[in-house]
Structure formats: C-alpha cells, structure tokens
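Residues annotated as disulfide bond in Swiss-Prot: Cys118-Cys210. For Asn29, the entry in Swiss-Prot reads N-linked glycosylation site, with the evidence type sequence analysis. What Swiss-Prot lists as topological domain 'Extracellular' is 1-46, 101-121, 180-216, 272-282, and the listing cites sequence analysis. Annotated topological domain 'Cytoplasmic' per Swiss-Prot: 71-78, 142-160, 241-248, 303-326, in sequence order, evidence recorded as sequence analysis. The annotation transmembrane segment is assigned in Swiss-Prot to 47-70, 79-100, 122-141, 161-179, 217-240, 249-271, 283-302 on the grounds of sequence analysis.
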Amino acid sequence: MYVSNCNPCAIHRKINYPNTKLDFEQVNNITEFILLGLTQNAEAQKLLFAVFTLIYFLTMVDNLIIVVTITTSPALDSPVYFFLSFFSFIDGCSSSTMAPKMIFDLLTEKKTISFSGCMTQLFVEHFFGGVEIILLVVMAYDCYVAICKPLYYLITMNRQVCGLLVAMAWVGGFLHALIQMLLIVWLPFCGPNVIDHFICDLFPLLKLSCTDTHVFGLFVAANSGLMCMLIFSILITSYVLILCSQRKALSTCAFHITVVVLFFVPCILVYLRPMITFPIDKAVSVFYTVVTPMLNPLIYTLRNTEVKNAMKQLWSQIIWGNNLCD
C-alpha cells in the first residue's frame, strides 16, 4: 500500500539514495505492488491458465528428463552434454521462478506482490538470465573447440575447466542480478504502486519511483540491453565462423543459433531502448520466461541421436526394472 499524502519532491530533495535503514523507511512508503497481469478478460484468463499450466508442466518434464538422462548415461559423459544438462537445469529453475506466480494470478482477482517479494523476483529473474547468457557463451566455445580443434577437445575441456566455467556462470549471474537489484531497491517509492505487467521488471519499476530515473534507465539499457546485443553479435559471428571452417557442422550450429536467437532477441527488444514500456512487452516477456524454456530441450534433442538413444535406454531400464520387481 502507499501513502497518498506523500510529497515526492520533498523526499527527492532530502535524499536520493538512503544510506541507513531509517532513511530507507522514510522514503519508501510502498509495502506491496499490484500487478495488472496479462489481461483483464475473465475468459481469456481461464484459457491462458490452461495453456500456461500445460507449458509449465512440459517444461519441467522435458528439462528433468534431459538432466536425468545425461547424469545417468555413461555414453553422455562428454563436456557438451555436461553443459546441456546444466542449461536444462537452469531453464527449469528459471521457469519455476516466474510461471507459478503468473499462473496463480490468472485465477485471482487482485494480483499483489510484496515489496520484498518483488525485489526477490527481480533478483532471481536476472540471476538465472545472467547464468544462461554466460552458459551460452561457454557452449559456443565448447562447440568451437569440438568442431575446429577436435584433437585437443578432451584436453582443453577437461573436468576442471568445465567446473570452472560453470562456477564462472554462477558468479557472473549473481553479480549481474545484484547490480540490477541494488539499482532498484534503494530508489524511493511513494506511489502509485500499480505495475502494468505480470512480473516485477526493471522499466515498470523505474517508472513508479518518485525521483528522476532517466540516468538509471540508461544504465539498464547499457547493462542489460547493450550487453545482450554485444554478446548476441559475438555468438552469431562465432557460429558463422565455425560454419565457414567446417560446413559439416551445419546441423549442430543451427540448433545452437536457434537457441541463441530465441533467448537474446526478446531480451534485446525489452531492454535495449529508452525507459518506456509498450503493450507488446508482456507478450515478449511471456515468450522468454515461459515458452523458451520449453523449446530449448526440444531443440537440443530434436536431431541428437546420442541423447535420444540414451533416453530410450533409460526408459527401457525403468520399464524392465519395474517388470522385474513385479
């Protein structure tokens, strides 16, 4: 809730970034935010509830199958599958931080989220997003070594290196999310508290702050949008160079490029721009928070014979094991 007689100008003159808990409480009178959600149409909400519940179920099942298959199959012991299992794990975690709340809100009349819950959601969203960005770079490097320098692949991508690269992804994602959250958490919010979105995101929150946030908007565009554009360009260029040197790698690179495009293009559309919001932002956010985590495991396993054979073997062991037990 927010205090209607709050004077934003007085607060802004007093302090922009509070340094103590007392100052923070004085400038922040909002304890919760109201989310307008995807739509106000009751029939559309019921339809979206069914669709998103199915998508979330498929996302969790698909990614869980990939993680279990890779971790239990000796045939999938190479670094590329180690990174793929980790990527599927992150996809499942990322989807679980957004989808359940969004699905639940489709059935509730008043969609609210506490201030601390909003900051937590913002942090987790950008944490997993940052981890996935770094992991996509790692997977591109792994693809380059495997295709262009196959004789040195197992030496270059040994267990220690793979573990270090994954640890770097975790640390990089944490630092990215921490910067984004600290950018928002100390801003003064004194009303209104209505977010025209289904999640807490940077630009909608910046618009609600009762201080000038144009500089912060530029920082977000640079830290998220420009960085995504730069990494996206590097990844696409890398895969093109791999294809130029090894045309036989077309199918492998095509799947990697598809995942990169599905991940980065929506992020670039949302963050690489001035601090303004559009109605289409919700649809774009739905795509990269709900749909993309479901598509990624399908794309990576669609024509991967080794993964499909390992899945068949796993299911055979499960079925025959159950029959033997019976």
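In case you wondered, yes, glycine gets a Cβ from its N, Cα and C as well.
When Cβ distances are compared across the two stretches, the transmembrane segment (283-302) makes no contact with the transmembrane segment (161-179), since fewer than 3 pairs at least 6 residues apart fall below 8 angstroms. Its Cβ taken as reference, the residue listed as 'N-linked glycosylation site' is surrounded by 19 other Cβ atoms within 10 Å in the chains shown. Using DSSP to sort the residues of the topological domain 'Cytoplasmic' (142-160) gives these counts of helix, strand and coil: 16 helix, 0 strand, 3 coil. Scored by C-beta pairs under 8 angstroms, the transmembrane segment (122-141) has its highest count with 161-179, from the stretches 47-70, 79-100, 161-179, 217-240. You'll find the Cα of Cys210 (disulfide bond) roughly 11 Å from the Cα of Asn29 (N-linked glycosylation site). Rounded to a whole value, the Cα-Cα separation of Cys118 (disulfide bond) and Asn29 (N-linked glycosylation site) is 15 Å. Sorting the topological domain 'Extracellular' (272-282) by DSSP state (H, G, I as helix; E, B as strand; all else coil) yields 3 helix, 0 strand, 8 coil. If you draw a 10 Å sphere around the CB of Cys210 (disulfide bond), it holds 23 other CB atoms from the protein chains shown.
Distant neighbours of the topological domain 'Cytoplasmic' (241-248): 143-144, 147-148; these residues of the same chain sit at least 6 beyond its ends, with a Cβ under 8 Å from one of its Cβ atoms.
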